[in-house]
């Protein structure tokens, strides 16, 4: 099984279309295992040997206490404006997932090394954490002259593979597909990209990708579709433009990481100042 290299922003423009395209197909899971690991329960502690019971003196019965009303449920905090909540768990008690930063939908076309190789076009998008870790990717794969097209998604592992994946465009009926391969930190699933599915993608606003993590909870990854139609129906993305987009994305990620670091330092300094000396 061949492992495709993750997309690395800032590579020289001389890299070919196909390397960038391959990256879009499998970009998501190479270093994002921690995103899903964050949702796993803590490992069970080994059982302690039972201790012999000791007789306790009888205590007088306590008067019954009136039942307390259940605590009112607190609403979940709203996500920050302009960012999509990543990997939301569908069960209570799961930790909040990091925010995702998305690349624009980009289209690439190219041929393989064989003399008779047909042109293949990819329209893909990926998402990363603010720390720059790839999380998820989606790509429409369209071989020239072939009636069958594929829509490939890549999710970070580990996952419960037997449940496969689900795709939901806006509020429409979900589509399902099994995983067909996994590598070190990611798993892929292919959907047959029928004309109806492509129409839904072009007319939709949000694609939701779902799977089941090892804790048995459904995790959801939102993928905006706003610019999918324009990218897919337009000409292939100029490699120089793509490299520039990746450079800007990397700069934005670095800026956010620096802001987060400074914020943590300020919080640490404020906490130290508030602690009285001994």
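Including glycine, each Cβ sits where the backbone N, Cα and C put it.
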Range annotated as region 'Disordered' - as stated in TrEMBL, picked from 179-228, 229-278: 229-278
Where TrEMBL places region 'Disordered' among the ranges 38-97, 98-157: 38-97
Residues of the compositional bias 'Basic and acidic residues' (240-265) by DSSP state, where helix covers H, G and I: 26 helix, 0 strand, 0 coil
